[in-house]
Amino acid sequence: MVKVGVLGLQGAVREHVRAVEASGAEAYVIKWPEELKEMDGLIIPGGESTTMRKLIDKYHFMPELKQFATEGKPIFGTCAGLILLAKEVVGYEEPHIGVMDVRVERNSFGRQRESFEADLDINGVAEDFSAVFIRAPHIVEAGENVEVLAKHNGRIVAAREGQFLGCSFHPELTEDHRLTQFFVKMVAETKEKTTV
Ligand code: GLN
């Protein structure tokens, strides 16, 4: 069974743990950077990206997170987690972890629509995925190796670039675990490739 860590600094950590376990992998809440070494994949939850970045710096996570990405291990960023993964964030000079070739904009769906649900067609995952958006970002621009997986109102809300998966919404807040299953499969395939 593959081991999937859930970055446990902020956000819906427990819900992600449940989704990972329901998807047939072992889930671990990651509280310290050195715990990452044992993991085959990592989920960065939603929350508030600037707060999470402060906690990443406070607990000295940044070098280990970058190392995890350099090793080719899969990372799934949901909502604020997607913002943390992006190489560019609109309005900011520097990215956070800055590994996924996308430009994201924060709080893209307007203040009056702070949270809402929408049915998405996620390529290769589900045609009828009920997605929960909470002060969600969207992908403004995606690099040439990025596969767009879903759009909402013409805006990119889910994408994959090789080892990286990102989505604007909260897949852990419903009982539909198909996107988490998709990630767990990415983790299993990557592990298989690197151990043979
Ligand atoms: N708006 C938040 C941010 O910019 C993300 C919201 C979320 O993760 N639900 O970090």
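Glycine residues also receive a Cβ, built from the backbone N, Cα and C atoms like all the rest.
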Per TrEMBL, member of Arg18, Arg103, Arg106 binding L-glutamine alongside Gly47, Glu48, Ser49, Ile134, Arg135: Arg106
Ser49 (L-glutamine binding site) - helix vs strand vs coil (DSSP): helix
Shortest C-alpha distance to Arg135 (L-glutamine binding site) - which of the active-site residues Cys79, His170, Glu172: Cys79
Three-state secondary structure, Ile134 (L-glutamine binding site) (per DSSP): strand
Ile134 (L-glutamine binding site) versus Glu172 (active site, charge relay system) - Cα distance in angstrom: 12
Sequence-distant neighbours of Cys79 (active site, nucleophile) in its chain (C-beta under 8 A, six or more apart): Pro45, Gly46, Gly47, Ile134, Ala136, Pro137, Cys167, Ser168, Phe169, His170
